[in-house]
Amino acid sequence: MATSRYEPVAEIGVGAYGTVYKARDPHSGHFVALKSVRVPNGGGGGGGLPISTVREVALLRRLEAFEHPNVVRLMDVCATSRTDREIKVTLVFEHVDQDLRTYLDKAPPPGLPAETIKDLMRQFLRGLDFLHANCIVHRDLKPENILVTSGGTVKLADFGLARIYSYQMALTPVVVTLWYRAPEVLLQSTYATPVDMWSVGCIFAEMFRRKPLFCGNSEADQLGKIFDLIGLPPEDDWPRDVSLPRGAFPPRGPRPVQSVVPEMEESGAQLLLEMLTFNPHKRISAFRALQHSYLHKDEGNPE
């Protein structure tokens with residue numbers, strides 16, 4: 001289907017995944033978000049799309065059948081132009097007007113009430129548990145790709161795109177923030193779904209602080225800021241397959257969570273530390289986090 005079906009309304013922003021446009025579907029009157037990406041022309045099956053792109057898009061389309069309320073919907077995929085070397089593909093997503101960054105900035109002082117944060121976290125974790133149950137690692141969770149509708153529904157965006165976009169990102173170097181990255185990613189070790197739970201922890205703290213938790217300017221600086229809070233991890237937890245040794249960091253013990261997030265109650269601080277656990281094998285999962293007492297205390301009407 002051609003993107004000419006959609007009427008462009010405004011440029012939303014430029015990120016690691018290229019320019020995003022807000023557009024209108026004249027048939028339904030609904031707004032959509034258009035994200036274009038260049039992929040190498042693979043020739044052959046799939047109309048020239050590389051088989052990896054075909055697989056990734058097929059997975060995203062398969063998730064659509066579940067219509068999970070906390071995941072942004074992929075409405076359409078269109079090949080819009082092609083040359084011998086590359087094909088431009090446009091992904092058509094449902095449009096949500098604000099991201100979590102905007103939502104947090106709009107909250108009047110002293111910030112979001114604890115009950116609102118718990119509600120956002122429950123939705124966030126439900127969406128992430130759904131992705132992880134379908135073997136999707138987001139890899140780039142941050143407030144800019146967690147969307148919040150005007151009715152307060154949280155929707156995760158930009159998941160499943162990392163491999164689709166690998167070609168374009170190699171062509172267009174973009175500074176990607178390190179602030180939400182798990183230690184195993186910063187150390188360039190192997191990683192899986194626990195990387196997302198580290199990012200969730202950083203974002204959870206930010207909902208209270210209204211500013212990022214760890215603001216490093218390099219991988220080593222980011223790790224140093226992490227260890228300032230959680231302490232230098234034991235040798236047994238340090239990954240074996242990395243070039244940066246544990247000895248590069250001075251020994252230090254953990255600090256109380258309340259020193260950086262004073263507004264957080266004790267059970268919330270416990271949950272945060274389970275998310276910010278250095279060893280990914282010991283880090284809490286989205287499924288287990290949803291069972292945590294912090295998210296069930298003072299819960300409103302059952303859903």
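Numbers run from 1 along the shown chain.
Quick reminder: no glycine exception, Cβ is built from N, Cα and C everywhere.
Swiss-Prot assigns the feature region 'Required for binding D-type cyclins' to residues 50-56, out of the candidate ranges 50-56, 106-112, 218-224, 246-252. Among the binding-site residues Ile12, Val14, Val20, the residue whose Cβ has the fewest other Cβ atoms within 10 Å is Val14.
For the domain 'Protein kinase' (6-295), the predicted model reports an average pLDDT of 88.
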